[in-house]
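Undergrad: What TrEMBL shows for this protein is this:
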{"type": "ACT_SITE", "residues": "HIS55", "note": "active site, proton acceptor"}
{"type": "BINDING", "residues": "ASP56, VAL59, ASP63, SER65, GLU77", "note": "Ca(2+) 1 binding site"}
{"type": "BINDING", "residues": "PRO151", "note": "substrate binding site"}
{"type": "BINDING", "residues": "HIS181", "note": "heme b binding site"}
{"type": "BINDING", "residues": "THR182, ASP231, ASP239", "note": "Ca(2+) 2 binding site"}
{"type": "DISULFID", "residues": "CYS24-CYS103", "note": "disulfide bond"}
{"type": "DISULFID", "residues": "CYS57-CYS62", "note": "disulfide bond"}
{"type": "DISULFID", "residues": "CYS109-CYS307", "note": "disulfide bond"}
{"type": "DISULFID", "residues": "CYS188-CYS215", "note": "disulfide bond"}
{"type": "DOMAIN", "residues": "14-311", "note": "domain 'Plant heme peroxidase family profile'"}
{"type": "SITE", "residues": "ARG51", "note": "site 'Transition state stabilizer'"}
Amino acid sequence: IYVVIVDFISAKSDLKLNYYSESCPRAEEIIKEQVNKLYHKHGNTAVSWIRNLFHDCMVKSCDASILLDKTKEQTSEKTSQRNFGMRNFKYIETIKEALENECPNIVSCADIVALSARDGIVMLGGPQIEIKTGRWDSKDSYLAEVESFLPNHNDSMSLVLSRFNSVGVDTQGTVALLGAHTVGRVHCVNIVHRLYPTVDPTLDPDFANYLKTRCPSPQPDPKAVEYARNDHINPMVWDNLYYKNIMSNKGLLIVDQQLVSDPTTYPFVEKFAANNSYFNDQFAKSLIILSENNPLSGDQGEIRKVCRHVNK
C-alpha cells in the first residue's frame, strides 16, 4: 500500500504550472488562440470542452481516454450511454494539429482537454483558473469502467456525492461543479421521463409546459436535434442563474432538482444563488481538484500524435 501511495503522490506532483515553458513555450497560448477561434465559429465548442474534462477526469484519470475512437483493437468510451450527446471531438484535433505544427510530440491530448476547458470557461464569461500541466495520455479506453465512475443525471444524490468524493471533491465542490449546467443544453432523451406520461410534480408547471414545446414527443429520436437549454434566459453566459432556476423548480435534470431537495446540498445552492463570485471561487477550486485526478506518469502513458488514436 505504501508504494502505491508514493507512486500516486509522485504522479500528482509531476503536474506543475507552465510545464511546457521550455519544451513548447507557446503551447498554452496556441490552445487559447484555437479555443478563441473555434468559439467565434462554433460557440458551443466552449461548452463541449468543459464537458470533456468532466467525462474524462471522472473515469480513472485525466488522461484523454474519452477521446479515443472505436477501432478493431480498441473500444471507445464515446459509445457509452453516459457519454450520450458529447460532440465537437473533431475540433480537439484542430487544436492538436496547431500544437504539432509548433512542437511535435510534446503536448499531450490530456493537457489539451484540461486547458481547453479552462479557456472555454473564460470565453463564456467564467473565472480564470490556474490549471497545472504535465499529464500523459492513456494507451487504453475504459469503456467497461465508465458506468462505475461517471455519475448519471438520474442517480441518487448520495451516489453522485460519493462518486465526486472518490476523486477528492467534497459536497460543496460537487454543488459548484454542477453549476456548469448554467451553460449548454440537454437532449430531450434525458428530459422526457419528467414530462410524460405525467409531469414530475417537482417541476414548475409553467416550466414543464415550456419543456413540452421543446420536447413534444415522449419518444424523442436520439439522433434528432431536440433539446432544451439549461438556462433558457442566457444559455451561453457563465453565471449563477442555474442555482436561482433550480430554487424555482426549473432544473432540467433530476440531479438538478435533487440539489434543492437534498438537505446536504441545499445550503450550498442558496449560497451560490446569492453570491456569484463565491460560486466562481468554489467552482475554480473544485475544477482544479478534478483536473488533477490521478494523472498518468510517463511510463504509464504516451504523448499521442493524434488524439483519437493511440500511437502506432
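Quick reminder: no glycine exception, Cβ is built from N, Cα and C everywhere.
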Undergrad: Output the one of ASP63, ASP239 that, of all these binding-site residues, has the highest number of other Cβ atoms within 10 Å of its Cβ.
TA: ASP63
Undergrad: How many Å lie between the Cα of SER65 (Ca(2+) 1 binding site) and the Cα of CYS57 (disulfide bond)?
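TA: Approximately 9 Å lies between the Cα of SER65 (Ca(2+) 1 binding site) and that of CYS57 (disulfide bond).
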Undergrad: Please report the number of other Cβ atoms within 10 Å of the Cβ of CYS215 (disulfide bond).
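TA: Looking across every protein chain shown, the total is 23.
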Undergrad: At the Cα level, what's the spacing in Å between CYS109 (disulfide bond) and VAL59 (Ca(2+) 1 binding site), rounded?
TA: 16
Undergrad: Closest of the recorded positions to GLU77 (Ca(2+) 1 binding site), Cα to Cα, picking from ARG51, HIS55, CYS57?
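TA: Nearest in space to GLU77 (Ca(2+) 1 binding site), counting only the recorded positions, is HIS55.
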Undergrad: Among the recorded positions CYS24, VAL59, CYS188, whose Cβ has the fewest other Cβ atoms within 10 Å?
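TA: Result for the recorded positions CYS24, VAL59, CYS188: minimum number of other Cβ atoms within 10 Å at CYS24.
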Undergrad: State the Cα to Cα distance, in Å, between the residue listed as 'substrate binding site' and CYS188 (disulfide bond), rounded to an integer.
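TA: CYS188 (disulfide bond) has its Cα 19 Å from the Cα of the residue listed as 'substrate binding site'.
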Undergrad: Among the binding-site residues SER65, THR182, which residue has the largest number of other Cβ atoms within 10 Å of its own Cβ?
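TA: Most Cβ neighbours within 10 Å: SER65.
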Undergrad: Listed recorded positions are CYS62, HIS181, CYS188, CYS215, ASP239; which of them have CA atoms within 10 A of the CA of HIS55 (active site, proton acceptor)?
TA: CYS62
Undergrad: Given the Ca(2+) 2 site residues THR182, ASP231, ASP239, which other residues of that chain have a Cβ within 8 Å of the mean position of their Cβ atoms, reported in sequence order?
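TA: Residues close to the Ca(2+) 2 site, other than THR182, ASP231, ASP239: GLY179, HIS181, VAL183, ASN230, ILE233, ASN234, PRO235, VAL237, TRP238, ASN240, LEU241, TYR242, ASN245.
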